[in-house]
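**Q** One structure, pasted below without further comment.
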């Protein structure tokens, strides 16, 4: 199990957000303050003329396709806005921006402002994590030093008052030591605290400042605001933020409720869903059948009593309730709901809902049966998903989050019949025991046994009142939920169900939340996107690596009062989009996009039309600013608006399926059974010495990949130039490097051996043989192990069939069920259309010999194969579904071809073809890894051909499938 998340570098959507901010400061120059006492403690001031600032923002907006309008731009404001949808990594994006601002301009002090304690906890954990430190260390040679402002106990009357320690340390931290970037984290509650404006007995910055806010202002901070919609301008918190007099305020969020100041980058919800940067969403809506149309309205109040009117089946009744009374008095369906607070205009219920006079609730949404059904369904679906994800390799541990308002029923429900906790544990035990009857997977069986043995260990909760609770068990639960994601996701930890009121509704998230169940409506105006955001991130596997090679879905459970949840969410997603980027040139990608939807157009005809309509010029550039808009109007089917169908749907919508022409399957069956045989790759390395030679070659060729473990001194010299203090760095030579290993040689060998499955003795011998070139004892760290693993896997792939040969061993045994067949080997009537392709051509029918009734494809080349030019000799052909056939290749990778053809020759013989489509001009255009994978496929089908002949061919962009098959016929 990994001890930290594996962070990915240079993800395009995150890099674009960083670049957008950095390009705002093109031509900016840093200047140190004249105040000698502050000079080494404050940020340099970035000097940028108003005109340059304006031009930079205009250029960045143009590059990112953002309209340069008054809605997106205010040249007088020092606020820069970055809009990124929930779950796409905005925290990582602003942290990388911090590193880049430091690297480019020496900005060394940042204040991160967050709205809530839960968000603060998550942010601080990430900032202090070893994974983050290691991730940025190579590129920047810097580390973050994090200071957290916490609430203080009041000092006694005769006690000397001291400034908050975090602020003191942050302000007084010297920039002379360039190793550290200083980051102060503070939540909105502390921003408004007196502790920031009080005068203290001890001052800062050579006793020039006795109040924290003045001292913070003096260091000329850069401020980063997380969740800007929680900091409305004109309110007290924003006014206090402005007192810091930041050089620039950079706001990161998915929601900007008051609009933008200077919007430089936006990753919309549409982008996030369409580009598979987040999970899709299935909503499970619990409907009431029968008497569900009841309405309980809050009609009036004198401040002491509230009057409610029940309207059910056209019968009206009035009820008066005082503070503390249960609403079960008004309707038998209501449970665990009381009137908590009351004035003349507002009634506050115990679940946090505020009712204004005239507003109402549906009593049946508080019915215990409804809540029980939702909880039972969520538990059942969790175990179905868990069985799938924990019996695969690598494993993924799913979590389920419950939002409840019956806190007592959860916290105090032990051994109380009918309590929320008791019922939940009964549901879990029932599902776990049922699975144990048949489970064969050893790991998952043990996991289920631990569940049954200690049922209380599978769940935990976090509620706002827990912050004052001293119970050790509760503290452990909170620590896992708020502070230690890795521990919560550990396969050794059976906890996978989390309960909260609404405390975790915003800011908190965990990538492995696959289900969110709202047992009670929150009554909140929080956006639907914010609510689902707790589970939108793509999951990580047991090694803490993000899993991106398949589509995942977040299941969201709501009751019938939110029956329009999906419609509202889709509307919100699409309304959150903004003007798309306008390209300057008609690209090959745009051409393929249009031709995919208008297959009757040839490439030449399309280009002629665009030229004649004066949309493009001789060089394929768009002729004017309206040309792209005219292009979209001319070919609307190629430019769909909004989120793709199916990315957000009701669970009852079902997945799109396409019908198989079952009668044709018998002709394909022999080939289908052949290619579905399991195969094991065999490295034909004949001796230990031969493997030693290969691994040694890799190590010698990849020396530059490794980073030494140790301390390297860099000397920063301060000098005077034009009456201004400046600094320059002098990099010391290698003699100044002090080795500092993070693990022993033995630990390194153990870890590396387990990671790449090579014997200790082999590794030790190689390291001894190459010690004159690279002394591995200088590189004893986890980063070296990771680089050896990834590098050696790629090295094996790239050098297969070159430095060593390969073979395949076919494994006999049952292959069914498959993507095309059931457990008995009989053909399925239909398959998931997404397994055949993400694009659909409704304009053309597939060829008669095609296995399916509809055309689903992934590239124009595939579409042509399916719809164009019937080949007389072809008996049947089919797209090979995604992930149905995984050919093992060297280095632990897999490979999947695209088409299967059965051909009948003039002599009456049957020939089998497997086709790989590559939408490039020739083999020369392929990357080395792709070439090697194709060679692996060729080797496998050569092996299969010893019993039944199977021809493997690669089809390039200009290859006609007819000619390709014809050339292989005898």
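Each Cβ is built from the backbone N, Cα and C atoms, and glycine gets one as well.
Swiss-Prot feature annotations, pasted as is:
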- 75-540: region 'Helicase-like domain' (REGION)
- 91, 122, 126, 226: AMP binding site (BINDING)
- 894-918: region 'Endonuclease domain' (REGION)
**Q** Helix, strand or coil for residue 126 (AMP binding site)? Use DSSP.
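**A** Where residue 126 (AMP binding site) sits, the three-state DSSP reduction gives helix.
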**Q** Residues of the same chain, at least six outside the region 'Endonuclease domain' (894-918), with any C-beta under 8 angstroms of its C-beta?
**A** 667-668, 670-672, 674-675, 859, 861-862, 865, 871, 873-880, 882-888, 925-926, 930, 933-934, 936-937, 941, 948-957, 961, 964-965, 968-970
**Q** Under 8 Å Cβ-Cβ from residue 126 (AMP binding site), six or more apart in the same chain: what's there?
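**A** In sequence order, the residues whose Cβ lies under 8 Å from that of residue 126 (AMP binding site) (at least 6 apart) are 91, 95, 132.
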**Q** Neighbourhood of the AMP site (91, 122, 126, 226): other residues with Cβ within 8 Å of the Cβ centroid, in order?
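**A** Everything else in range on the chain: 114, 119, 123, 127.
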**Q** On the DSSP side of things, how many residues of the region 'Endonuclease domain' (894-918) fall into helix, strand and coil, could you say?
**A** 0 helix, 17 strand, 8 coil
**Q** Residue 122 (AMP binding site) has how many other Cβ neighbours within 10 Å of its own Cβ?
**A** 21
**Q** Can you check which residue among the binding-site residues 91, 226 has the largest number of Cβ atoms within 10 Å of its own?
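**A** Checking each of 91, 226, the winner is 226.
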**Q** Going by DSSP, is residue 226 (AMP binding site) part of a helix, a strand, or coil?
**A** strand
